[in-house]
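Below you'll find the structure I mean.
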Amino acid sequence: MERSPGEGPSPSPMDQPSAPSDPTDQPPAAHAKLDPGSGGQPAGPGAAGEALAVLTSFGRRLLVLIPVYLAGAVGLSVGFVLFGLALYLGWRRVRDEKERSLRAARQLLDDEEQLTKLLAETVAPAVRGSNPHLQTFTFTRVELGEKPLRIIGVKVHPGQRKEQILLDLNISYVGDVQIDVEVKKYFCKAGVKGMQLHGVLRVILEPLIGDLPIVGAVSMFFIRRPTLDINWTGMTNLLDIPGLSSLSDTMIMDSIAAFLVLPNRLLVPLVPDLQDVAQLRSPLPRGIIRIHLLAARGLSSKDKYVKGLIEGKSDPYALVRLGTQTFCSRVIDEELNPQWGETYEVMVHEVPGQEIEVEVFDKDPDKDDFLGRMKLDVGKVLQAGVLDDWFPLQGGQGQVHLRLEWLSLLSDAEKLEQVLQWNRGVSSRPEPPSAAILVVYLDRAQDLPLKKGNKEPNPMVQLSIQDVTQESKAVYSTNCPVWEEAFRFFLQDPQSQELDVQVKDDSRALTLGALTLPLARLLTAPELTLDQWFQLSSSGPNSRLYIKLVMRILYLDSSEICFPTVPGSPGAWDVDSESPQRGSSVDAPPRPCHTTPDSQFGTEHVLRIHVLEAQDLIAKDRFLGGLVKGKSDPYVKLKLAGRSFRSHVVREDLNPRWNEVFEVIVTSVPGQELEVEVFDKDLDKDDFLGRCKVSLTTVLNSGFLDEWLTLEDVPSGRLHLRLERLTPRPTAAELEEVLQVNSLIQTQKSAELAAALLSVYMERAEDLPLRKGTKPPNPYATLTVGDTSHKTKTVSQTSAPVWDESASFLIRKPHIESLELQVRGEGTGLLGSLSLPLSELLVADQLCLDRWFTLSSGQGQVLLRAQLGILVSQHSGVEAHSHSYSHSSSSLSEEPELWGGPPHITSSAPELRQRLTHVDSPLEAPAGPLGQVKLTVWYYSEERKLVSIVHGCRALRQNGRDPPDPYVSLLLLPDKNRGTKRKTSQKKRTLSPEFNERFEWELPLDEALRRKLDVSVKSNSSFMSRERELLGKVQLDLAETDLSQGVARWYDLMDDKDKGSS
């Protein structure tokens, strides 16, 4: 495809179908440009000219033989001929070298002239146009100097792979460059006279190919930040002042680091159509180092008082750096032996080469005092796995205590649960430990929508995961942009986090498309990688984005690390005491029949946190440089018992309504607090909108708290929270009521509410299979319910381990969930497993099983206690009147009893059981001729919504030979538009379908009372027909329905003429 000389580079091959290159496709200007270089000679001589050229060439070759002929005619020996030939070749070589030197000098002069021309014709006009005060700006002198860049050392490393070559070039540039500028209007002169740059430049030659030029691409980058020294002149000589000198050099070095210091690198492709350019430019890290900055000791005292007469201490803080990744610890006031206890995670790209650098400073009001520095090559951490030591500080006194852990990158999710369980037991600040990393290769987009006036957009991309947002560069004037950039994120929990992608115009005001991708999709993808096109929402019909996502699990592989355990497990590491000699009835202790948990087992509660709304929040958004005041995009963060939760973001609202419910397992340990913080969601750093705290003891003692809490540390704002303590009850009598109430109060933005709490005490195991037939294993156990797992400690070399550990799980569907137990050995794999359906606990005495269980492998048993407690809410705001399961009279007459406490019966319990017995009795009236539909209709005042739950149908009429394929259609009359229409899924060939689907309509209560709910049960008449067969319908007058109770009832279906009733 032709393009004019003024156009930019042509699109890459992925933008359009590739075509074979052809010189004739070049524009005419390209051919015309080559003619002057050939001397302006006419092209295409005739046949006579070609013959003359051949004869001339042949004659020249004959002339070379004339000196040989003359030497032979005169009678000279061959030595004279060879001597003359050597003189001629030497003269020719000297002449060629001089010509090459002259050409290089001319090229250098041309380059300097080109640079001078660039500065004079491009840079200077741009500077003059940027500010009216710089209209007389000009370059008065531009000299690049005579001193070249020198390479003072080269080191070759064995490559990580056979397809690459690694070179380290120790470069040094001490240049005599001189550039002077002048603003004549203000008689201001400034410039640079001389600069120095020293550093180690790594060059990677990859991939190696089997054809010229042998190397496919060259990557260059500085492993560490190079040192820079600039000598300023004129007005800029002020930058040589000690304070400003370091500041100016640091700013320039930051610019260089953003381009050429790891993880940034310069890639120069040497062959066309090079594959995986993005991965060569931004490869996956070699690994992750988790840096625990623990403490320091013996630091020097820098603070002085009374002009140095009184010696104080220091206010130390530390800077931790690896490449461009820099972290700053908090300041410890007046302490020479500070305790930081902070954790940072850094990505390692090159081993060997990169270094961990820690600098300690004394915080002062003017300039911070230097206390010392230490450096460590990351290769030592890779070799050790875990490195925990005191390191001496160079340039000062004292030592710093670091614990360094090398985290390998795994390409499968097999060990993810193990990593998550370990991270839950790790105390880390300022951020929780990461379980994985995500690398996003942003390639290109296609067919983005145009701006107003059919103008091409300037697209850029914002990628966000929770509070971290990164932006791509902007590609100007195109709706098919190519970015080829990479972005890296740390992930705390890949199972629940999402990647949010926003394609916007560079003004950030116009959204061109969006994409939300749950990261759980990667966990089931091959090698945790997705490489494909993604359709954009809120965009054009054909707008799509091509990205590659690569996830890697962070795994600490060290035999020195064991998982956190419950304290107080006597004898767990005493192999002899737990493995008595078989056949010795005197020494062997009797085998216990039941577990012996401590008194704290089973005393947990569940705290249900209902985040309702907020009022009078402060506005943090500003536009047009702060001239226009906006609102805020608030969300809530909750922290309690080592768990953290976060609500969704409400856009542009100072009085937001979240209406989200969170649940957490808590104990009665005094001093615990629920920490609540409100933030404004921003692109870079979220703004603080206030905080408040609630004592957990207050909630546990009262059982319920519904208050407006004033937000602290801000001028205004308050938050509405509803907190309820749920105490597990060891009876299944109210389980169905709990399930129905949970379905009624369930909000769309919250997870499914828990109906029960499962507590498991894992005491011991016996007769586990031996390793390799003779050696005892190193066993541990994993307990799993749904997506939640708990891993016990590992007991060394025993077939009868004692764990003495407990775990608790939130149960949402006790009828169908199960407890999965696996006993494994370190390095030996699975030793046995057990699956315990929770339905067995529902029929057990006190909902508890305490005994020995045989493992599925047939060899080995485990002793555990599993007890279930039903979570009954006393402040849900609704009253359940029926459920879908019938109970016997004996089960309905049971009284609920708390574990370790007196019986507790609500006043409505007898009435509730009476209604349940009456409504769901098997002796109730038979269904009508067309069947019945079971509905729950109520008004949820918290969300201002009308809610209907379609439970199912029964005894539907069969008109043909085959049973129908029923579904239920709901319509709010008198409106018959699609806005009020709802429809369930379709069930195949059944007369008694079960749906259990929930539908909502947002409307005020007074308007709901003026509506009628039209419920129709329909079936597809045939596969090829769009017609629907009406099986029956019922119409509910909502004004005559009690919408405050949430009653589940069967309604008789009638034909279209006669609307049925219950």
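Each position is counted from 1, following the chain as shown.
Just so you know, glycine gets a Cβ as well, placed from its N, Cα and C.
Those TrEMBL annotations? Automatic predictions, nothing curated.
In case it's useful when we look at the structure, here is the feature table from TrEMBL:
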| type | residues | note |
| --- | --- | --- |
| REGION | 1-48 | region 'Disordered' |
| COMPBIAS | 37-47 | compositional bias 'Gly residues' |
| TRANSMEM | 62-91 | transmembrane segment |
| DOMAIN | 85-271 | domain 'SMP-LTD' |
| TRANSMEM | 203-223 | transmembrane segment |
| DOMAIN | 270-391 | domain 'C2' |
| DOMAIN | 412-538 | domain 'C2' |
| REGION | 572-599 | region 'Disordered' |
| DOMAIN | 585-709 | domain 'C2' |
| DOMAIN | 735-857 | domain 'C2' |
| DOMAIN | 929-1051 | domain 'C2' |
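So that I understand the layout, could you describe where these features sit and how close they are to other parts?
Counting only same-chain residues 6+ beyond the ends of the transmembrane segment (203-223), those with a CB under 8 A from a CB of the stretch are 159, 161-169, 256-257, 260-262, 264-271, 274, 277, 280-281, 323, 350, 353-354.
For the domain 'C2' (412-538), the model's pLDDT averages out at 89.
Helix, strand and coil residue tallies for the domain 'C2' (929-1051), in that order: 10 helix, 62 strand, 51 coil [DSSP].
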Under a Cβ pair cut-off of under 8 Å, which of the recorded stretches 270-391, 412-538, 585-709, 735-857 contacts the domain 'C2' (929-1051) most often?
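Top-ranked stretch among 270-391, 412-538, 585-709, 735-857: 735-857.
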Short question: most Cβ pairs under 8 Å with the domain 'C2' (735-857), which of 270-391, 412-538, 585-709?
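Most Cβ pairs under 8 Å with the domain 'C2' (735-857) come from 585-709.
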DSSP says what for the domain 'C2' (585-709): how many helix, strand, coil residues?
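Grouping H, G, I as helix and E, B as strand yields 7 helix, 59 strand, 59 coil.
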How many of the residues that make up the domain 'C2' (735-857) does DSSP mark as helix, as strand and as coil?
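Per DSSP, the residues of the domain 'C2' (735-857) fall into 19 helix, 58 strand, 46 coil.
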